[in-house]
């Protein structure tokens, strides 16, 4: 006698289950927008549904265990499709995920689904996560920045202007003593911070403990001479979590105010763990985004940096590198302005002109300082102040240490240029348009600035941006 049929076995099209164009997203849903280039001959609705399925509940065939759960509740839903301006191959797919799919406070769990195996799925030729809407209920379960912008300003007693920093160069090869000397010269010249570069860990030429001690000596000497709070981002990145904590504890023990982590190479869970430690121990946390361009630069495959910025705000950093627009590194101006808003503001409205697809409510979560770093010098100062505003960190590496008169002179030139631009802005002047006049006037009483302007007057990085906003192709 044949057994009664309990379910329909076999393979069926994803769109039968995961394409719901009538679905109205809930406030509690995670929303994602993917840029999809489907395989030839695969309909858009099928590709969108396949991404929704593979990033939520589905496997490649119907399984009887679907009957043991509420598949209708737990599945991801592709609910809308849009054309990508200027790209006939690609389209946007909007997908909603129910709150029950994810562990509270675990960014790792959320993105293991959203950008996990689905990115190797054969049904699509390329796939890019362009934006996500993090529901407020999930935001409130995440730690966020250890301290945030306002607490950091109070700790440093610095207000009304961007903070000024410098990455020590050469990034590799200096002894700890010479490295500390470079830190001291920069700080006494007028900078607020100096910084380890991302790949300065504990190499044979300079072990981490020696570097920390010489840098802290430089900080204390510069503070005593200038009367200002100073700091150096001591990179605690290491091969194990135990080693990271060991370095962080030592930095705290010697009295440094801020440490640094390379959050993509050490991982999100490690960064969130260190962020919690920083909050508990009163340490500021500077976050470097080394490796981000591997993930976000290809305009058709990967993860847009605005998503990485949201992730970092959730897991918790006080500073995050954001690009410069005007320097040597990739950065579309409109997109960068959108990233800055997402790092700092409590509520960000959807704005396609800045690449922001969804409203984002951060509740009471503190904001992060966006960090402009990479190929910038005094001539860029008017644009940087205009783009980034006061709540930012402007870091000039070669643009400080490359000064013909040395580090202290380079730091002095940048500090004078910064204060001249802030003063002009506060007086209502259009500082980007009048930048040359503002800097030239300031240089009359600052020979260090005059020499810096002469040194870098011809230096430009005129390369086209690879990852442009799609709206610019219209």
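Cβ atoms are placed via backbone N, Cα and C, with glycine included.
Note that this is a predicted model, so its numbers are computed, not measured.
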(request) Figure out which of 232, 321 sits with 117, 167, 171, 289, 373 in the substrate site per Swiss-Prot. (result) 321
(request) Might you list, by sequence position, any residue in that chain lying six or more from residue 195 (N6-carboxylysine) with a Cβ less than 8 Å away from its Cβ? (result) 165, 166, 167, 168, 232, 233, 260, 286, 395
(message) A 10 Å Cβ contact count, applied to the recorded positions 171, 288, 289, 321: which residue has the minimum?
(response) 171
(message) If I restrict to non-local contacts, at least six residues apart, and a C-beta distance under 8 angstroms, what lies near residue 169 (active site, proton acceptor) in its own chain?
(response) 182, 197, 397, 398, 401, 402
(message) Using a 10 Å cut-off on CB atoms, tell me which of the binding-site residues 117, 167, 373 is the least crowded.
(response) 117
(request) Compute the C-alpha separation of residue 198 (Mg(2+) binding site) from residue 288 (active site, proton acceptor), stating it in Å without decimals. (result) 7
(message) I'd like the number of other C-beta atoms within 10 A of the C-beta of residue 198 (Mg(2+) binding site), please.
(response) 20
(request) In whole Å, note down how far the CA of residue 288 (active site, proton acceptor) lies from the CA of residue 373 (substrate binding site). (result) 10
